[in-house]
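Annotation comment: Swiss-Prot describes Glu177, Arg223, His456, Arg500 as L-aspartate binding site, evidence class sequence analysis. Annotation source Swiss-Prot lists ATP binding site at Arg223, Asp224, Glu225, Gln232, Glu493, Gly545, Leu546, Asp547, Arg548. For 201-204, the entry in Swiss-Prot reads region 'Aspartate'. Annotation comment: Swiss-Prot describes His30 as site 'Important for tRNA non-discrimination', evidence class sequence analysis.
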Amino acid sequence: MRNKICDELNNTDIGKLVNLCGWVDRRRDHGGVIFIDLRDHSGFLQITINPDDGANLFKQAETLRNETVIMVSGIINERPKDSINKNLSTGKLELKVKDLQILNQIKNNLPFPVSIHDYENTKEELRLKYRYLDLRRGKLLKNLKTRHKIIKVAREFLDNFGFTEVETPLLTKSTPEGARDFLIPSRLSNGEFFALPQSPQLFKQLLMVGGLDKYYQIAKCFRDEDLRADRQPEFTQLDIEMSFISEEEIISFNESLIKKIWKEVLNINFDNAFPRMKWQAAMDNYGTDRPDTRYQMLLKDLGEVLGDIGFNIFTKAIKSGGSIKSITVKGGNSSISNVRIKPGGDIFQVAQDAGAGGLAFIRVKGDELETIGAIKNNLSEEHISDILRITEAEDGDLILLGAGDKQIVNQSLDRVRQYIAKDLNLIDTSKWNFLWVTDFPLFERNEEENRYEALHHPFCSPKNIKSKDSENLKKAIENSIANAYDLVLNGLELGGGSLRIHEANLQREVLKTVGLTDKEIDEKFGFLIEALEMGAPPHGGIAFGLDRITMLIIGADSIRETIAFPKNQQAKCLLTNAPSNVSESQLKELDIEITIDE
């Protein structure tokens, strides 16, 4: 049907007869001549139709509506100098139409303009419902091509290092991995269920037991969890696992992979090794294990200085084992008003939404500190000196403070730090600040349920566990650091991994520590324990979020912009109206009865 696409055309095609297919992006009538912007997947070309070219041809062109699918034949000409479009690669060319065929006419008015000129004015819910029209605009297609290139570069890199791509099952066993499973009822095994995998974690470990040595997969994963801008119920991981490998070797190899992707896709080189930070340092200084290091405002611990000044909130925080921390906003006296950091203000609300009761503040004015009386009246000169030294605050700076539970203080000041950095334009968006975060705790304590939870997952190996004595092993595990590592970019986790447990008794003990009984371990993970007893090699790996990598590379705000057919934030597909009801006969086949609470 066609012998060229728009973006292929150049000056060497002038005078040639070409056939093009595409959509009418816009039609304009000027001085008796019809100008049409023809759009295909590659770009645009202006085509012209003159009454002198034939009455029927001109009349047909007059009926064309935007998004009509057409095929045109004609001669490529050079545009007049006064009509050159410097914004297009084909902006110096136009097609003088000799023949026009309508391949498909649109039936009704479109729900939104497809033309790139109206791109920003369409609500996302409408874009998701008519995703095929949104794709046609070109921006999303470009995103998908970038995603394809990222995958292609990763595959070539891993292939060159002897990795084997293996597909692991999508219908598998429900195992506790943190989030809720999507369950699939089995028709043949009445009353039993498959689960869609939250990750290929256990299967890739079993591949190592099977001697594969080096594995990767572009893996679909599923988690039934609450959504946000960088989450989807189904998502894609670049999943990697290796045998006989150390933590240092995994970090070094995967750093090379990421550098290769950025080089090939963005033509950006990173000559130096990515910096590393231990988990505890990240929590102490940033309040999060995903720190954005493009700007300052580090958290500072003021517990020793302010814990005994007599201010009830501070005293209570320290006595209950909590903390008092601060961030310093340089020049904050002039850029942030009291209204914004008091109840009802936007910054106060950010802290409250993160779980904090509120924010205290200190304004530095020369040698004086301005704050509420309950704090100021109890500050000695030594207190003031210590505050200024620890916070590194100077005249004109604003100090914001949080007090209470350590986790909530960290979380709320982290959110406030991010919010203020965006609000005051403190972030250098041209920077790519990669960071390896290492030495995570193996567990975190869930005080409400009085039990331990794995910080990553219960298959991470603990560091420096030497004793195999059961009682000593239990104590050592509870206080252990994990052989785990995350790669963070500009405050977002790109990927995470660990060395895995490859000894059966150690794996059983770790699963017991997170609250499973021997019976539950055998029911849920018996196949893994059995495999580890049969000569499992030391192994480890990592999984990168492909959607998130693509989002950062293309500069989007949501991973929905990187996925062809994403769900909305209620986990619904607006295009197909899924999830949806199924017939009674389908439910009967599965022996499922649905009860709806009134």
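Using N, Cα and C of the backbone, Cβ positions are placed for all residues, glycine too.
Here the features listed in Swiss-Prot are painted onto the structure.
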residue : record                                       : DSSP (3 states)
His30   : site 'Important for tRNA non-discrimination' : strand
Arg223  : L-aspartate binding site                     : coil
His456  : L-aspartate binding site                     : coil
Glu493  : ATP binding site                             : strand
Arg500  : L-aspartate binding site                     : strand
Leu546  : ATP binding site                             : helix
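Comparing CA positions across the recorded positions His30, Glu225, Glu493, Leu546, Arg548, the one lying closest to Arg500 (L-aspartate binding site) turns out to be Glu493.
For Arg223 (L-aspartate binding site), the number of other Cβ atoms no farther than 10 Å from its own Cβ, over all displayed protein chains, is 21. In sequence order, Ala179, Arg180, Arg231, Pro233 are the residues of the chain that are 6 or more apart from Glu225 (ATP binding site) and have a CB within less than 8 Å of its CB. Across the structure, Leu546 (ATP binding site) and Arg223 (L-aspartate binding site) place their CA atoms 15 angstrom apart.
Of all the recorded positions listed here (His30, Arg223, His456), Arg223 has the Cα closest to the Cα of Arg548 (ATP binding site).
The Cα atom of Glu493 (ATP binding site) lies nearest to that of His456, taking the recorded positions His30, Arg223, His456 as the candidates. Arg500 (L-aspartate binding site) counts 24 other C-beta atoms within 10 Å of its own C-beta, drawing on all protein chains shown. Taking the binding-site residues His456, Arg548 in turn and counting surrounding C-beta atoms within 10 angstroms, the largest count is reached at Arg548.
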